[in-house]
């Protein structure tokens, strides 16, 4: 993608025009080009460009596109420091004013650069910061497949990869994109190895709390396979996660009674935890039993007789369980329930089901062939 220039003249004259323009707006900058060359001129222009950011959007974009077009002429080794300086200016400008303009300017820079240029990492991180500051994360590309490709294209170090994913996660959380944020955090934690998993303690802890707090998250067994989460084994946070993965409501109640201060310190609300654990317990019951009596539900879920119907309705709304109420016989009839964990047993059940379908389809095929022969 080409970036529009400020004016169709030589690079030296273009730099001089930019200097003159900035000086006319009150910048402390000489109108004469530096003897050090274009990269020195650009360093001084970028340092003084704050004054133009208060002008009309079209004027600012024209000036900044001119700066960008000159930046892209430079050798890659001379670009990096200047691009970092420009990005810092746009991220920090007036404590968040004119976010849409700054997003546009950063986007022009990002898409104007060669797709494999490593310094695009700096520009993309700046885009994330500005978008997060104004709740506009939906206006920049954040698809995980694309981010993975960029990480590969830019040949990022492990540290930069973790920084980018952590920054993206926090931005998505701030912008209320909980599903996307969870996927990014899992990607981040999954990128650690046994050698450096201990460095991700904070991220792993945050991931668990965020998942438990999410009102739309009910399946957590995949978190236990992540190396940074495994590193937390033996700690209360890991014990709590294990309860939400496979234990019943009674186990959570006992844990809460023994660790109330810990639950409160995580920012988790006990009543919300109880509601989620009731659903998770019911899901487990529904997998094992196609019919569940009201009395059993009252005992296992610790609810009153008058609350059973409302609970079932709420459970069905989550689409984790499909069932109907039989008021006459005081029971719930289950048609389907999502497994809380998916291990070897579930894979075997899936294999058996698919194999049965295959055999039935072969029978249908053979029947149709025999009919066609006649």
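Any Cβ shown, glycine's included, is placed from N, Cα and C.
Residues 176, 183, 254 are shown; Swiss-Prot lists N6-acetyllysine for one of them, 254. Of 62, 191, 367, the one with phosphoserine in Swiss-Prot is 367, while the others lack that note in the record, though it may still apply to them.
Checking 24, 152, 265, 337 against Swiss-Prot, you find phosphoserine recorded for 152.
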